[in-house]
Amino acid sequence: MKLTCMMIVAVLFLTAWTFVTAVPHSSNVLENLYLKARHEMENQEASKLNMRDDDCEPPGNFCGFPKIGGPCCSGWCFFACA
């Protein structure tokens, strides 16, 4: 019973702490993201999604240290592009 009460108090404390430390203007952040997305829909030349990266390495070329992302067109690098 004591453990249950302690867990309830801990959850309530953490919930209150989350609300106290939350960003006060977080709704403006979401609004700005919405406006940016809307602008990119209206002006497709401004969209980063339509840009193609022609500087990437084709499969089989050396890319360096194993990583995700990197210079490979596929995004997978394990010493050679996948």
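Every residue, even glycine, has its Cβ placed from backbone N, Cα and C.
Per Swiss-Prot, signal peptide is recorded for 1-22, and the stated evidence type is sequence analysis.
In the structure as shown, the Cβ atom of Cys56 (disulfide bond) sits within 10 Å of 15 other Cβ atoms. Cys56 (disulfide bond) falls within neither a helix nor a strand when secondary structure is assigned with DSSP, and so counts as coil. Marked as disulfide bond by Swiss-Prot: Cys56-Cys73 (among others).
In the three-state DSSP reading, Cys63 (disulfide bond) counts as strand. The annotation disulfide bond is assigned in Swiss-Prot to Cys63-Cys77 (among others).
Residues or ranges marked as disulfide bond in Swiss-Prot: Cys72-Cys81 (among others). Around the Cβ of Cys81 (disulfide bond), 20 further Cβ atoms fall within 10 Å across all displayed protein chains.
Within 10 Å of the C-beta of Trp76 (6'-bromotryptophan) there are 16 other C-beta atoms, taking all protein chains into account. The annotation 6'-bromotryptophan is assigned in Swiss-Prot to Trp76.
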Fewest other Cβ within 10 angstroms of its own Cβ, chosen from the disulfide-bonded residues Cys63, Cys72, Cys73, Cys77: Cys73
Collapsed DSSP category at Cys73 (disulfide bond): coil
Of the recorded positions listed as Cys72, Trp76, Cys81, the one whose CA lies nearest the CA of Cys56 (disulfide bond): Cys72
